[in-house]
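For reference, the structure discussed in these notes is given below.
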Amino acid sequence: MKGAKAEKGKKADAKLSVKKKAAEKPKPVKRGKAAKDPNKPKRPPSAFFVFMEEFRKTFKEKNPNNKSVSVVGKAGGDKWKTLSEAEKAPYVAKANKLKSEYNSKMNAYNKKQSEPRKKAADDDEEESDKSKSEVNDDDEDEEDEEEEEDDD
């Protein structure tokens, strides 16, 4: 029995040492989502969502007591499936128009985004050769000189 207890103790120590090694390793830094730009244009709705805007209005007129969003969505989906291509055509055309407007807005937005980067790159080149620590060191030296003058 004494031998069995000693072996169990060794196994437990071996397991603990493995866990310690794993815990010592630095964990990879998790990167959060990039912050959303409020100026970025929103994506245009698809033909189905253009249809649903109109369908919701008519459905609420016919069923004013209905408060459930899921019922409206299911009814709209069923109606969309039963529409022929000819009946869907006006919604598809409107969706395509909205998409082309979105694309032009995105092109303008992307141009604006690339311009500040170019300006920032030019500004970086114009900065002095001193590093930030050297600049801070100079400030500290000036403060030391002022203190010495005050002591006199």
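Even glycines carry a Cβ here, placed using N, Cα and C.
Keep in mind the model is a prediction, meaning the values are calculated, not measured.
Over the DNA-binding region (41-110), the average per-residue pLDDT in this prediction is 94. Positions annotated as DNA-binding region by TrEMBL: 41-110.
Look at TrEMBL and you will find 1-27 (among others) tagged as compositional bias 'Basic and acidic residues'.
Feature annotation from TrEMBL assigns compositional bias 'Polar residues' to 101-111. Within the chain carrying the compositional bias 'Polar residues' (101-111), a Cβ under 8 angstroms from the stretch's Cβ atoms is held by residues 39-44, all 6 or more beyond its ends.
What TrEMBL lists as compositional bias 'Basic and acidic residues' is 112-121 (among others).
According to TrEMBL, the compositional bias 'Acidic residues' annotation covers 136-152.
In terms of DSSP secondary structure, the domain 'HMG box' (41-110) contains 56 helix, 0 strand, 14 coil. Annotated domain 'HMG box' per TrEMBL: 41-110, in sequence order.
TrEMBL lists 1-46 (among others) with the feature region 'Disordered'.
TrEMBL lists 97-152 (among others) with the feature region 'Disordered'.
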